[in-house]
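What Swiss-Prot annotates here:
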type	residues	note
CARBOHYD	N183	N-linked glycosylation site
CARBOHYD	N203	N-linked glycosylation site
CARBOHYD	N235	N-linked glycosylation site
CARBOHYD	N290	N-linked glycosylation site
CARBOHYD	N404	N-linked glycosylation site
REPEAT	413-436	repeat 'LRR 1'
CARBOHYD	N418	N-linked glycosylation site
REPEAT	437-458	repeat 'LRR 2'
CARBOHYD	N445	N-linked glycosylation site
CARBOHYD	N466	N-linked glycosylation site
TOPO_DOM	536-878	topological domain 'Cytoplasmic'
DOMAIN	566-840	domain 'Protein kinase'
MOD_RES	Y639	phosphotyrosine
MOD_RES	S726	phosphoserine
MOD_RES	Y740	phosphotyrosine
COMPBIAS	849-869	compositional bias 'Polar residues'
REGION	849-878	region 'Disordered'
Amino acid sequence: MKNLCWVFLSLFWFGVFLIIRFAEGQNQEGFISLDCGLPLNEPPYIESETGIQFSSDENFIQSGKTGRIPKNLESENLKQYATLRYFPDGIRNCYDLRVEEGRNYLIRATFFYGNFDGLNVSPEFDMHIGPNKWTTIDLQIVPDGTVKEIIHIPRSNSLQICLVKTGATIPMISALELRPLANDTYIAKSGSLKYYFRMYLSNATVLLRYPKDVYDRSWVPYIQPEWNQISTTSNVSNKNHYDPPQVALKMAATPTNLDAALTMVWRLENPDDQIYLYMHFSEIQVLKANDTREFDIILNGETINTRGVTPKYLEIMTWLTTNPRQCNGGICRMQLTKTQKSTLPPLLNAFEVYSVLQLPQSQTNEIEVVAIKNIRTTYGLSRISWQGDPCVPKQFLWDGLNCNITDISAPPRIISLNLSSSGLSGTIVSNFQNLAHLESLDLSNNSLSGIVPEFLATMKSLLVINLSGNKLSGAIPQALRDREREGLKLNVLGNKELCLSSTCIDKPKKKVAVKVVAPVASIAAIVVVILLFVFKKKMSSRNKPEPWIKTKKKRFTYSEVMEMTKNLQRPLGEGGFGVVYHGDLNGSEQVAVKLLSQTSAQGYKEFKAEVELLLRVHHINLVNLVGYCDEQDHFALIYEYMSNGDLHQHLSGKHGGSVLNWGTRLQIAIEAALGLEYLHTGCKPAMVHRDVKSTNILLDEEFKAKIADFGLSRSFQVGGDQSQVSTVVAGTLGYLDPEYYLTSELSEKSDVYSFGILLLEIITNQRVIDQTRENPNIAEWVTFVIKKGDTSQIVDPKLHGNYDTHSVWRALEVAMSCANPSSVKRPNMSQVIINLKECLASENTRISRNNQNMDSGHSSDQLNVTVTFDTDVKPKAR
């Protein structure tokens, strides 16, 4: 039986490996590799040269047709160039890519015409990134194809790459690739960085790409006749932020004439271009005792380094220009010249040059872009012009839209939307209200049904609303009638089921009918009231839970939600439920408003589950529900505002600020454990959270931790034969209990497993799943490292050894016991809390001892938070 269990667990982790491998593509998180024109029904494939997984572009673009180069050319080119996508319809056709806002990306687009259409006319067209022009593609000049690269930081979570028709020929594209880079590399003062060249100095003929370059940059070999190539067989430490290929750093060039400069000259496409230089140096020769290699960097006669450059032996050094440079007349002359004290000539291993691409036009307001895209998706709108940025450039304004474009540096706003006669059906969705500057809305002559939503009255900029010719019903909201009296033009004619009068009671046809119907109706009403009273009394005597909406918690109207969020002005984040917005409650309390998206993957069921749970649980380490909104098709949860975000942001550095020290991390872990303990033993019935992870641990202004996101939580009976319940497996990969995954049997020990993974994340600051490791799962990786005896790799290096060793290793033992594959061998949360408090006591003792020996002026770059806890380990209600 034991062997069978291990077989199942092995299959589980193998399945996890396959899922991650498929999703990330050749072990590279964040890589997007699109083979343009590859049919959607063809599976992803591994490209033989690089080992990178390519897949179809079908899900990233709404338009275009697919083509294929002739068979005789396919064998001569990489597989991803065999197919292509071309765009005979429309002027601008755009890829829409999901990216991480503020992350540095290398974006590569490849174009190979190959006479796929038999016309033998190479196309010429423009390529845009967002609303700005990137470059012109002229395949008449480069018939063998071309590759364009740019390093760019997206301003939102959505990135558009657009192909723009500029003449008679038809735009096309062969491949589109995105590669995330380190955020502290390739920083431009403004704009983005267009690839000019990237070379390693060698007489080799091999183009270097992934996997030799972890970021999949392409390095071209280059050498001049007046240079000597030198090389080494020793490994060079290439681990700086730029991380150039090991192969490139093992080679270098020096001038043949030992007293000469190492000189490179190149001409810019545009004489006015500004450039950034990146040079990678490593000393790969063993120098004699009296030898010195030191040199200056001179660009067009100006020394641009502040002191002599001396490469270190077998270590990388990257020198770069922090400010953009210009070359007179567009001709750049760079020289490395040895200094007077140098006995050896200059040396260069690898070299990169980029030109600055200014992106002056701001993209349309992000909230409005999300809203109009959701409207497009909800109603299934298919318009060739509805691609790329909705408002800019002006010549590509979406059909039916008008925008306020006052200044290219300010985000445009949508002020008019005409969807008349567009075949719309369903209700008027709430996404319209996020168009906060909308002045005119025309939804006439469609098949819209349901009520006229009250949120239209809260859209203060609206001057004209045309809802005529639909199938709307019910009454017109009084607030909208009030706006009408203030000057709003409202047209609702042609909606047969819509009540236009103030009372919404049909006029009687005959007075005699009133005399008969009125008494009968009165008697019927009295009978109904009596029956309802008796029914309610009977129901109240039964031992059943109350309806979930009956609560002392505040129930807000949707208009109140809009008021507290200032019309959804400040998004805090986004999850499976929808967008979370910042709110202000009566000017006295900050709140977080979690709004259910119309296209939410969780939906109303999880919304209801979360409300039901939060209405009956009260604990200082569970996020506090201030109120909720359940109004027609509008659902929202209003929580207390947690000003320091989530734990994952602090561990990853995305939140900024100081590093969380070890004591603070233990504090957070204990508080999260207390919240779980309350769910497991303090609730009746007991609850399992099912989604314990670092993004669901929120931190207030004092870094006190609270557990959030209860949409997946489930109740269970403690003790007896029903201590486990069978459910559909849910949770987050990496944190998910493998035993629960295999059996679908849920218990509180599933949360314990997830907490163990969370604790490992806190200790190591490693990804929970990382395919670049030999053991991708964090628990397996820690076990592997411990067995190797190389324990220095385990603890987060950002702590710089500033912790009590016993405390850390005791916490590690707790984490590993929680993450035991067998649920019966895992501790309960009360035992976990006792052990973690012992860890905290050890750390506090170390701090007290150190404080006695430290000068009062000592400072630390780590964040210190005062830690205090009750000695009672039982859950305490607030």
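Just so you know, glycine gets a Cβ as well, placed from its N, Cα and C.
The Cβ of N290 has fewer other Cβ atoms within 10 Å than any other of the glycosylation sites N203, N235, N290, N404, N466.
N203 (N-linked glycosylation site) is 63 Å away from Y639 (phosphotyrosine) when you measure Cα to Cα. Closest to N445 (N-linked glycosylation site) by Cα-Cα distance, out of the glycosylation sites N183, N203, N290, N466, is N466. Taking a C-beta cut-off of under 8 Å and a sequence gap of six or more, N418 (N-linked glycosylation site) has these contacts in its own chain: G400, L401, S440, D442. Remote same-chain partners of the repeat 'LRR 2' (437-458), defined as residues 6 or more beyond its termini with a Cβ less than 8 Å from a stretch Cβ, comprise 368, 402, 404, 413-428, 430, 464-477, 479-480, 482-483, 491-492, 498, 558-559, 562-563, 567, 632, 634. The shortest Cα-Cα distance from N235 (N-linked glycosylation site) to any of the recorded positions (N404, N466, Y740) is found for Y740. Closest to N404 (N-linked glycosylation site) in space, going by CA atoms and restricting to the recorded positions N183, N290, N466, Y740, is N466. It is Y740 that, of the modified residues Y639, Y740, has its Cβ surrounded by the most other Cβ atoms within 10 Å. Nearest to Y740 (phosphotyrosine) in space, judged by Cα atoms and limited to the glycosylation sites N183, N203, N290, N466, is N183. Helix, strand and coil content of the repeat 'LRR 1' (413-436), in residues and according to DSSP, is 5 helix, 8 strand, 11 coil.
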